[in-house]
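Here is what Swiss-Prot records for this protein:
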BINDING   GLY165, ARG166, GLY167, THR192, VAL233  NADP(+) binding site
Amino acid sequence: MGAITLDGKATRDEIFVDLKQRVAALTAAGRTPGLGTILVGDDPGSQAYVRGKHADCAKVGITSIRRDLPADISTAALNDTIDELNANPECTGYIVQLPLPKQLDENAALERVDPDKDADGLHPTNLGRLVLNNPAPLPCTPRGIVHLLRRYDVEIAGAHVVVIGRGVTVGRPLGLLLTRRSENATVTLCHTGTRDLPALTRQADIVVAAVGVPHLLTADMVRPGAAVLDVGVSRVDGKLAGDVHPDVWEVAGHVSPNPGGVGPLTRAFLLTNVVELAERE
């Protein structure tokens, strides 16, 4: 008997139905939300990702605001674009698409974004608000993970969650989300310096793999019946591969596919952050 699929696409569609109604109410009140993107250069992956975000906007009625800039843009010109979106009343929230070309300082660009227009929830101010449990846009991927677990009635309160990966977009903020009183999980954050990773993952009720190492998590590392979320993305022989080996499906109780699991919810909660920012205005 295989694991239950944590279906991110179906869950995203449910979220979009809700967002469409909320956007319609905001529009009727004269406050249509707008999502902005700043894309520098012509990286195919980044272009596809931005196109997907704006296609999502069209589905729920959010206004799209695109700023596509040349790869050789100066820091001053990028700053001008960020400042313009900070001041643009039609732009409720926006993102600076990463990676940026090498001549640009990514951290400086992200810090220049108005924290109250931070659609990704990754501005240093908003990460600080998360630590303090103050209202702020939440990081999209961690929020999607928590939502997906709840959608499929995976018990979070009291659960031991092992997160593999300490990146700023997933691992670190996910630990903060899961240890809030509203979630009440116990979190072990693992990384390249962790000793005996399999011993830790075998104790876990929930494992989140977010490192970008193909098929890192194998069946012998998973406790029977555990929930496993596959977040990392890499390429093997030109094809997308996740961090979770296919044999895990025969042992785990729940597994998120990759693609089609957490990824769709990352995009859904980007839009959710924008709608919530509009509702606060």
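The backbone N, Cα and C atoms fix where each Cβ goes, and this holds for glycine too.
Residues near VAL233 (NADP(+) binding site) in space but far in sequence (CB under 8 A, at least 6 apart, same chain), listed by position: GLY212, LEU240, ALA241, GLY242, ASN258, PRO259, GLY263. Of all the binding-site residues listed here (GLY165, GLY167), the one with the fewest other CB atoms within 10 A of its own CB is GLY167. Pairwise Cα distances among GLY165, ARG166, GLY167, THR192, VAL233, which the record gives as the binders of NADP(+), peak at 17 Å.
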